[in-house]
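Noted in TrEMBL for the protein shown:
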BINDING   A:Glu34, A:Ala35, A:Val242, A:Glu439  FAD binding site
BINDING   A:Phe357  substrate binding site
DOMAIN    A:12-463  domain 'Amine oxidase'
TRANSMEM  A:504-521  transmembrane segment
Protein chains: 2
Amino acid sequence: MIHDVVVVGGGVAGLTAAHRLLQADSTLSLVVLEAKDRVGGRTLTVPVEVGKGKVDKFDLGGQWVGSSQDHVLNMLEELGLRTYPQYTQGKKVMQLGDNKIRTYTSDIPSLASLTGLIQLQFFLWKVERMAARVPITDPYSSPYAAQLDGETVDTFMRKHMSCEASLQLIDVACKAAFGTDATRMSILFFLAYANAAGGVLKVLETKKDAAQESRVKGGTQQISELLVEKIGKEKVLLKHPVHDVKQMEDCVVVTTEEKKTFTAKRVILAVPPNMLINMKFDPCFPPYKQLICENLPIGHLTKFIVIYEKAFWKENGYSGEIVSNGGETEVAGVSRGPLSACFDATTNNGTPAIVGFIAGRQGVEWHNKTEMERKTAVIHSLALALGSEALDFVNYAEKIWADEPYTGGCPIMFGVPGTMYAFPHLRLPFDKLHFAGTETATVWTGFISGAIQSGERAAKEVLHNLQPGLVFEEDLLGTCYDPKSMPKDYKNIKEEKGLSIRHLFYLALVAAILAFAYSMYF
Amino acid sequence: MIHDVVVVGGGVAGLTAAHRLLQADSTLSLVVLEAKDRVGGRTLTVPVEVGKGKVDKFDLGGQWVGSSQDHVLNMLEELGLRTYPQYTQGKKVMQLGDNKIRTYTSDIPSLASLTGLIQLQFFLWKVERMAARVPITDPYSSPYAAQLDGETVDTFMRKHMSCEASLQLIDVACKAAFGTDATRMSILFFLAYANAAGGVLKVLETKKDAAQESRVKGGTQQISELLVEKIGKEKVLLKHPVHDVKQMEDCVVVTTEEKKTFTAKRVILAVPPNMLINMKFDPCFPPYKQLICENLPIGHLTKFIVIYEKAFWKENGYSGEIVSNGGETEVAGVSRGPLSACFDATTNNGTPAIVGFIAGRQGVEWHNKTEMERKTAVIHSLALALGSEALDFVNYAEKIWADEPYTGGCPIMFGVPGTMYAFPHLRLPFDKLHFAGTETATVWTGFISGAIQSGERAAKEVLHNLQPGLVFEEDLLGTCYDPKSMPKDYKNIKEEKGLSIRHLFYLALVAAILAFAYSMYF
C-alpha cells in the first residue's frame with residue numbers, strides 16, 4: 001500500500017508533525033519509523049532510586065522550558081502537562097580563571113578582576129547587538145557574514161576580552177548550551193542561534209523568559225509518549241532504523257536496515273543531520289544540503305544527576321548553580337575537572353538533587369574514564385563548590401549521549417566555521433522529502449520548542465501538497481512556500497572593511513612619534 | 001576460514017599494505033575488500049578523446065609527485081613507472097583582489113600593491129617558522145597549540161595581512177591544496193600538514209622538491225593496478241562495500257552490505273575517515289577516535305581537463321599556470337567564477353591540455369550548475385587568462401569528486417578548528433583494527449606518498465602481531481609500538497600569554513598622550 005506520509009524519526013519533531021497532520025486530516029494514512037526502542041529522541045525521562053526503596057523520575061535529556069517558548073508551552077497545555085519553576089534562590093558558585101571558588105548572589109558574575117567584568121559586559125552588549133542582525137533563516141544575509149563565519153567564538157571573544165575568567169565564562173556557556181568548546185563554533189552560527197532564542201542571555205540564563213526558566217512535572221519525555229497516544233500506538237513503529245530512501249516518479253520508498261519497505265507520497269525526515277548522512281538517498285542530496293549535513297557536528301555532553309537525602313545547599317543559602325572551568329585535576333589524560341555548569345534538580349515531588357554537565361573537550365576526555373572515575377571526580381568537585389555534605393550522596397545517574405545509538409551526541413548540532421552559507425538548505429525540502437528536527441527550526445532552534453516548531457512547519461509543507469484546500473496563505477509563512485523565507489543569492493555579501501585594531505595601533509604609534517618629535521623640537 | 005588479514009579499501013594505502021605484508025610473508029592469507037568497481041581510491045586515470053579519433057590518458061585524481069616524496073618515488077621505481085617534469089616555463093597568470101589579470105615570470109607573485117607583497121612575504125616567513133614547530137604526529141605537543149587550533153586560517157592571516165590580494169592568494173592555496181576555504185580550516189592543522197611536507201611552500205609550489213614537481217607517465221592509477229597484479233587479482237574483491245566490523249575474542253568479522261562475511265586475525269582499515277563513520281563497529285570506536293573521524297570533513301574539489309589542438313599558451317610564452325580568485329561572474333547563485341588554480345597538463349605523449357580546479361565554496365556553488373554551465377564558465381575564464389585561443393578547445397573532461405561513491409569529496413580530509421587534540425588517535429590501532437590512508441600518514445600527509453607511507457606503517461603493525469620474528473626494532477619506529485610516537489598527556493599545554501596587538505595599541509595610545517601632554521607642558 002502507498003501511505004500518504006512516512007515520518008522518519010520518533011522524537012519530538014517527528015511526532016509533532018505526525019500529530020498535526022492527523023489533526024488536520026484524520027483520514028491521512030501515516031506511519032512513524034523510529035530507529036530506537038523508545039520515542040523521545042534527545043528527551044529521556046528515567047526512574048532513579050532515591051533511597052528508602054523510593055524511586056523518582058529525572059530528565060537525562062532536554063529538561064527546561066521558558067515562558068517565551070510558545071510552541072512548547074502550547075504543546076504542554078494541549079497534552080495537559082504542567083511546569084514548575086527552576087530553583088534559583090541563594091548564592092551561586094563560580095570557578096574561573098584562577099580556579100578559586102567564588103560565590104555571588106546578584107546577576108553580576110563574581111570574576112576576580114573588575115576589568116574582566118567590564119570586558120565581559122561590553123562583550124555581551126556587543127554580541128546582543130550583533131545577534132539581533134543575524135537571522136537564523138539565512139545567516140549569510142547579515143552584514144559581514146562571510147568574515148564572521150570564518151571566525152570561531154574563541155578568536156572573536158579574544159579580540160574583545162583578555163581576562164582569562166571572562167573568556168572561560170563564555171567557553172563554559174558554549175559547553176553547557178552546545179556541548180562544544182568556543183574553539184569549535186562559528187561566531188556567526190552562535191549569533192544566529194542566539195537571535196532565534198531572542199538574545200544571547202535568553203540562551204544562558206535561568207531567569208524569566210530565559211531557556212532554563214521552568215521544568216516539566218514528570219519529565220519532558222512525556223511529550224513524545226502522549227503524542228504517540230494521540231497519533232495511535234499502531235502508527236509508531238519502534239526499532240525500525242531507516243537504511244535508504246529512494247524517490248520515484250510519484251512516490252518515495254523507505255527501506256529499513258531489516259529490508260522492510262514503506263511507500264509514501266511524502267516523507268518527513270525528522271532525524272538529526274548527523275544521522276541523515278548515514279542513510280543512503282537516491283537521488284543523493286543536492287550539493288548545499290549534502291555539505292551542511294556533513295558539516296554540522298553534534299555536541300559531546302554527559303549529563304549527571306546526583307541524588308541527596310536533603311537539599312543541604314538550600315539550607316546553606318546556595319541555589320545549587322555552579323559555573324566552572326572544571327578546575328585543576330590530578331587525573332591523568334584529562335585537562336580539567338569534569339564540571340561545566342550545575343543546577344538544582346530537586347523534583348516537584350521534593351527529591352533533592354543536583355544536575356550537571358561534563359561537556360565539550362572535557363566531555364570527550366572524561367568519556368575515556370570509567371563511570372566510577374567520573375562519579376568520584378563529580379562528587380569531589382561538588383564538595384569543593386557546595387560544601388563537604390556533597391560527599392554524602394544517595395545515588396548518581398549519568399547519561400553519555402555520545403554512546404546513544406541513532407543520536408551520537410547531545411544537545412545539538414552546531415555550526416563550524418565557513419559553512420553557514422549552506423545552512424538554510426538544511427531546512428529546504430528535496431522533491432518529496434521534507435525536513436524537521438530542532439536544527440531546522442527558526443524559533444528557539446536547538447530547544448524542545450524548536451523541535452515542535454519545525455515539526456509543525458514540516459506538517460504544513462506536506463499538507464500543502466496532499467490537501468491544499470486545508471492550508472491557508474498565512475499557514476505557509478516561514479515554510480518553503482513563502483518566498484520571503486527563501487535564501488538570498490550570495491553575491492551581495494558585504495565584506496568587512498574599515499579600520500581594524502592593528503590599523504589603530506599603527507595610527508597611534510605614528511601619533512606618538514609625531515607628538516614626541518614635536519615635543520623635542522620645542 | 002580465518003584469514004590472517006583483511007584489508008578494507010583498495011586505494012593506494014590499502015594495496016600498499018597488502019603488498020608489503022605479502023612481500024614479508026607470502027604465505028599470509030589475505031584479502032582486500034574494495035567498495036567501488038575499481039581500485040585506486042582518489043587516483044583515477046581515464047582515457048579522454050583528444051581529437052582525430054585519438055585518445056590519451058589523463059589523471060582526474062591525484063597526479064603529482066615531488067622529488068622529496070621518497071615513499072612514492074620508491075614505489076614508482078619498484079613498479080617500473082617513470083615520471084616527467086611539470087611544465088613551468090614562461091609567464092604565470094594571477095587574478096586576485098581587484099580581479100585584474102596580471103602576469104609574472106619570477107617567483108614573486110604579481111600583486112597590485114607593494115605592501116601586499118611585503119605582508120605576504122612576512123606572513124610566509126612566519127608560518128614557515130611556526131610550521132617547523134608543529135609535528136603532525138601530535139600537533140597539540142607544540143607551543144600555543146590549544147589557542148592556534150581555535151583559530152581558522154582566515155582569522156589568523158587577517159591578523160598579519162590586510163591586503164585583499166594577499167589574503168585571497170592564501171585562500172586560493174587552501175582551495176587548491178585542501179579543497180576548502182581558509183575560513184573552514186584550523187591554522188594548527190594547516191601548520192602540521194605543511195610540516196609533514198617539509199614546509200608551506202613545498203605544498204604549494206611546482207618547483208624542485210615541491211608537491212607539484214613531476215607527473216607519472218601513463219597516470220597515477222597504475223600504481224594501484226600494478227599493485228593488484230603483485231598481490232594477485234583473486235585476492236582483491238571489487239564491489240564489496242563493508243557494512244560492519246565486529247571484533248571478537250580472537251578474530252574480527254567483517255560483513256559487507258550484501259551480508260558476505262570475512263573473518264581475520266587482523267584488519268587494516270584503509271578508507272578515509274568520512275567513510276569510517278558510515279560503517280558500524282562493535283565495539284564502537286573509543287571517544288577520541290570517534291570524535292576525530294566525525295570531525296575531519298573532506299574537501300570539495302572538481303577537477304577539469306581542457307584538451308587543445310596545440311599548446312597556444314606555450315607559444316605565447318605562458319606556462320599555463322593560473323592562480324585566480326575566480327573573478328567576477330554574472331551567473332546567478334555563484335559568488336565567483338570557477339577557477340582557483342590551473343596548470344599545464346600536456347601529457348608525455350604531447351597532447352596539449354590545461355588542468356584546473358573548482359574548489360571550496362566555489363566548488364559547492366558550481367556543483368549546483370550543469371556540466372554545460374561549468375564548461376562554458378571555465379573556457380570563458382581560460383580565455384580571459386591565456387587568450388582567446390582558449391575558446392577553441394577540442395574536449396572538456398571533469399570529475400566532481402563529491403559525487404564519487406565511497407569517497408564523497410577530494411583531495412583530502414582537513415582539520416576543522418578545536419579538535420586537533422584528538423588527531424593522533426586517528427592513526428592508533430583499536431584492538432585488532434589498524435588504520436591506514438593518507439590522512440593517517442606522518443610524512444607528506446594527504447599526498448599519494450603519504451598513502452604509501454601509511455600503508456607500509458600499518459603493514460608493520462600487523463606483521464609485528466602476526467609474525468613478530470619478521471619485524472626488527474627499527475621497523476617499529478613511528479608505529480604505535482614506538483613509545484616516542486605516542487600522543488602526550490594534554491595537561492602540559494602552554495596557552496599563549498604576553499602582549500597582544502591590542503595591548504600594544506593601548507600602550508602606544510598612552511605613549512602618545514604622555515608625549516603630547518609633555519609637549520604642551522613646555
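Any Cβ shown, glycine's included, is placed from N, Cα and C.
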To the nearest whole angstrom, state the Cα distance for the pair A:Glu439 (FAD binding site) and the residue listed as 'substrate binding site'. 21
Cα-Cα, whole number of Å: A:Glu34 (FAD binding site) versus the residue listed as 'substrate binding site'? 27
If the FAD binders are A:Glu34, A:Ala35, A:Val242, A:Glu439 per the record, what's the largest distance between their Cα atoms, in Å? 20
Same chain only, sequence gap of 6 or more: which residues have a CB within under 8 Å of the CB of A:Phe357 (substrate binding site)? A:Lys175, A:Ala176, A:Gly179, A:Leu301, A:Thr302, A:Lys303, A:Phe304, A:Leu339, A:Ser340, A:Ala341, A:Cys342, A:Gly363
Is A:Glu439 (FAD binding site) helix, strand or coil when read with DSSP? helix
Tell me the coarse DSSP state (helix, strand, coil) of A:Val242 (FAD binding site). strand
Under 8 Å Cβ to Cβ from A:Ala35 (FAD binding site), same chain, six or more residues apart: give me those in sequence order, or none if nothing qualifies. A:Gly9, A:Lys239, A:His240, A:Pro241, A:Val242, A:Val271, A:Met275, A:Pro405, A:Tyr406
Over the domain 'Amine oxidase' (A:12-463), what is the model's mean pLDDT? 96
Neighbouring CB atoms within 10 angstroms of the CB of A:Val242 (FAD binding site), all protein chains considered, total 26
